[in-house]
Amino acid sequence: MSLKLDGKKLSLEIEERLNDYIFINKKIAKRAPGLAVIRIGEDPASGVYVNNKEKACSRVGIKSFIFHLKDNVEQKEVEQLINKLNFDKNIDGMLLQLPIPKKFDEQRLISYINPSKDVDGLNEINIGKLVKNEPAMRSCTPAGIINLLRSQNITIEGKKIVVIGRSLLVGKPLSLMLLNLNGTVTMTHSKTLDLNKVCKEADILIAAAGKPNLIDSSFVKEGAVIIDVGIHRLKSSDKNKTRLCGDVLLEDVIPKVLAYTPVPGGVGPMTVTMLLVNTIFSWQKQFGLSSTLNDLLP
């Protein structure tokens, strides 16, 4: 029987540790950790994601600061807000909720975030440190995936790992993290020739292509581990309802694999949890607190 890599269960276990850590250490720091979230515009999905992050912060004892800006705000005003938060001693982590309206220079805004507060790990300094395998903030989804694999003692070192997708949010940083952990990594994308053949060589296959049900059993070898990063909302057979699915056709793949992540409840919860972890690590460094959470670092 295939093993389900339950991200929801693991995230709750980690959150319990985070809650205990904050409870003990805020007596030393004299305050709880703080996370600032900047949302621009009225994208409905962004509203849901920000709400989820706010709730997660509340569960573990992180104080959240939500800045919801209208989409008619100017680039310079957002830059000024980021600079203000960079110097706010009550803010340990900061993120720009993506996507933002196209009129903004997204990468320029991210570059304004102090690397020590860049909990999404997207600032060019943090990306550069990842390339050099130096300590820095790591992207949340890749870090969550690595913790999922570790939770079931799934070996990374020496394994053939195929990553489908080359985004800055997932594919690129994940490939680098796995490489730093001595995995043998192949990064694929929409222009890869014979994608099916390449994927069938993988001991660990990670689908972050952004295409619903792209991967069926013909892409997967017997006994592989499959990680599904995708999440899509499709119409169900009942026209009035929708259903969630990933990049992987799970019902077709499960009989063949050693382990898999479900959608929902796999990678998603771990992404939010690693955001909390990054915020706490920034807080920990600021106050020289104990490093009992270091096993969560990718």
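Backbone N, Cα and C atoms are what each Cβ position is placed from, and that goes for glycine too.
Under the heading NADP(+) binding site, Swiss-Prot lists G165, R166, S167, S190, I231.
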Among S167, S190, which are binding-site residues, the residue with the most C-beta atoms within 10 angstroms of its C-beta: S167
Number of other Cβ atoms within 10 Å of the Cβ of R166 (NADP(+) binding site) across all protein chains: 18
Residue with minimal Cβ packing [other Cβ atoms within 10 Å] among the binding-site residues G165, I231: I231
